[in-house]
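The structure follows.
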Amino acid sequence: MIEMIKVRVPATTANVGPGFDCLGIALNLYNNFYFEEIEEGLKIEGTDREFQNEDNLVFQSMKKTFDKIGYKYKGIKILIEDNIPISRGLGSSAACIVGGVVGANRLAGDVLSKEELLKIATEIEGHPDNVAPALFGGMTAAIYENGKVYFSKINITEGLKFYALVPNFRLSTEKARSVLPQNIPYKDGVYNVGRTALLISSLVNGEFHLLREACKDKLHQNYRGKLIDDYDEIIKICEDIGVVGVFLSGAGPTIMALDKEGVYIKEKFEREFSRLNATWKVYELSIDFYGAKVEEVQL
């Protein structure tokens, strides 16, 4: 049997409404990455041929980590199991980055701490709002300033279900950023600061009835919503169903609806979605409190 290292990395939802570029939550939908050091070369399986080369994000993340450590490897074999939808605002690129840095660190003998891995992952991604929860699990607040990552885990009260409403089309982060304004009114900044504070407090204290207002935002969601087919209709459906909160997941196009555990609304979404322009899939998810996990397996 061949021994390999397996790294399981959760999907993430970033921004969480008003927490633009700083808040993120890990969810129980996972990509699995298997790593093996081989005699020479690079072998990548489980992904399209166009990604089976040295430009692969998982391998690039491994290479950067090896370089930081000073580890000299012979060759690398990577097997990828993709479950997180790509370019949908669920942290698929962050999962690849975290999988690569964690896998490389384990192959090199676990030389670096999780905090050091977070810094490397943030350098690659450019911002920490997805990679922090992907690595540490749960909900995190994180910022990146002058080459240093400042982050904190937020102890959310359990009891929420996350309904990821995922369309059959992609939206690149670059395109989603291109529609954002260069400057914002002062009052919009104040609007978001207040709701970010309320959001965190309500999640910590289990005051879920406050989430509908706390998830509102004036910095990005209204601008990005114009790029998403059915956006206004989806928000209206969420309000009609009575979910406790709704926000754009990351840069979109996935829309995240929140409701209390024990309330079963997946079928309601599916019935309503049958009349929309795009095809939407509903993922019923919970918070992953652990983040990236490593184990040795035999294949």
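Glycine is no exception: its Cβ is also placed from the backbone N, Cα and C atoms.
OK, TrEMBL features for this one:
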- Pro85, Ile86, Ser87, Arg88, Gly89, Leu90, Gly91, Ser92, Ser93, Ala94, Ala95: ATP binding site (BINDING)
- 56-138: domain 'GHMP kinase N-terminal' (DOMAIN)
- 200-260: domain 'GHMP kinase C-terminal' (DOMAIN)
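On this model, are these features tucked inside or out on the surface, and what's nearby?
Neighbour density for Ser87 (ATP binding site): within 10 A of its CB lie 19 other CB atoms from the protein chains shown. Mapped onto three states, the DSSP output places Ser87 (ATP binding site) in coil.
Per-class residue totals from DSSP over the domain 'GHMP kinase C-terminal' (200-260), listed helix then strand then coil: 29 helix, 10 strand, 22 coil.
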Going along the chain, which residues six or more apart from Gly89 (ATP binding site) have their CB under 8 A from its CB?
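The list for Gly89 (ATP binding site) reads Thr13, Ala14, Leu171, Leu248, Ser249, Gly250, Ala251, Gly252, Pro253, Thr254, given in order along the sequence.
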Count the Cβ atoms, other than its own, that fall within 10 Å of the Cβ of Pro85 (ATP binding site), considering every protein chain shown.
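20, counting other Cβ atoms within 10 Å of Pro85 (ATP binding site).
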What are the DSSP helix/strand/coil residue counts across the domain 'GHMP kinase N-terminal' (56-138)?
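Taking each residue of the domain 'GHMP kinase N-terminal' (56-138) in turn, the totals are 47 helix, 7 strand, 29 coil.
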Write out, in the order they occur in the sequence, the residues of the chain not among Pro85, Ile86, Ser87, Arg88, Gly89, Leu90, Gly91, Ser92, Ser93, Ala94, Ala95 that have a C-beta within 8 Å of the mean position of the C-beta atoms of the recorded ATP site.
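Filtered neighbour residues, in order: Ala11, Ile84, Gly250.
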